[in-house]
Each structure stands twice: as C-alpha cells, then as structure tokens.
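This is the structure, below, for whatever I ask next.
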Amino acid sequence: MNTVRVTFLLVFVLAVSLGQADKDENRMEMQEKTEQGKSYLDFAENLLLQKLEELEAKLLEEDSEESRNSRQKRCIGEGVPCDENDPRCCSGLVCLKPTLHGIRYKSYYCYKK
C-alpha cells in the first residue's frame, strides 16, 4: 500500500511541476501572440487611416470644384438685416438704412427698390 501512495505522490508532484512549466509556456505564448496582434492592429489602423485620408482628399477636391462652378445661391430676404459694405440682398432688394424701426439698432435692412 505504501508503494501505491509513494507512486501516486510522485506522479502528482510531477504533474504539478510539469503543469506549472506548461502554464508559464502558455503565458509566454499568449504574450507573444498579443504582441503580434497589436502590431497587426497598428498596421491595419494605419492602412485604414491612409484610405480615409485619400477619401477625404477626393471629397474635398470634388467640393472645391463644385464651389468654383456654382454661384452663390443664398440671399437675404426683405426686412432682414444686411451689411452695407457687403450686401447680399436677393434680386429686387436693396440694402438701405431703415426709416423707423431700425434706427435704434443702427443697422441696414434689405428693402424693395
């Protein structure tokens, strides 16, 4: 009976010590895989960033081409404050100093001609 106990104890000690070694190896392998995964993620992130920058450049180029070919579409309506130096009143309107209600605001408004 003692030999069975000694054999069992010996097998148990070997299993525990080898298990610890395997655990350390597994931990090191996981650490290496994590580091490799991080480098892969960094590479993928940089690639995605480059693609996004290219797309943004294309969109900005298209937008600038559009703005060169288009005229100003928005204008200021009647009775809306305007700047006397840069009037953006709609066609048929003129930027004038008001006669009554705008006097206290000291501003110009778009009025019909």
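We number each residue from 1, going along the chain as drawn.
Cβ coordinates come from backbone N, Cα and C, glycine included.
Straight from Swiss-Prot, here's the annotation block:
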| type | residues | note |
| --- | --- | --- |
| SIGNAL | 1-21 | signal peptide |
| COMPBIAS | 60-69 | compositional bias 'Basic and acidic residues' |
| REGION | 60-83 | region 'Disordered' |
| DISULFID | Cys75-Cys90 | disulfide bond |
| DISULFID | Cys82-Cys95 | disulfide bond |
| DISULFID | Cys89-Cys110 | disulfide bond |
I'd like the Cβ neighbour count for Cys110 (disulfide bond), meaning other Cβ atoms within 10 Å of its Cβ, all protein chains included.
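Neighbour count, Cβ to Cβ under the 10 Å cut-off: 21.
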Where the distance is taken from Cα to Cα, which of the disulfide-bonded residues Cys82, Cys89, Cys95, Cys110 turns out closest to Cys75 (disulfide bond)?
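Spatially nearest to Cys75 (disulfide bond) by Cα position is Cys89.
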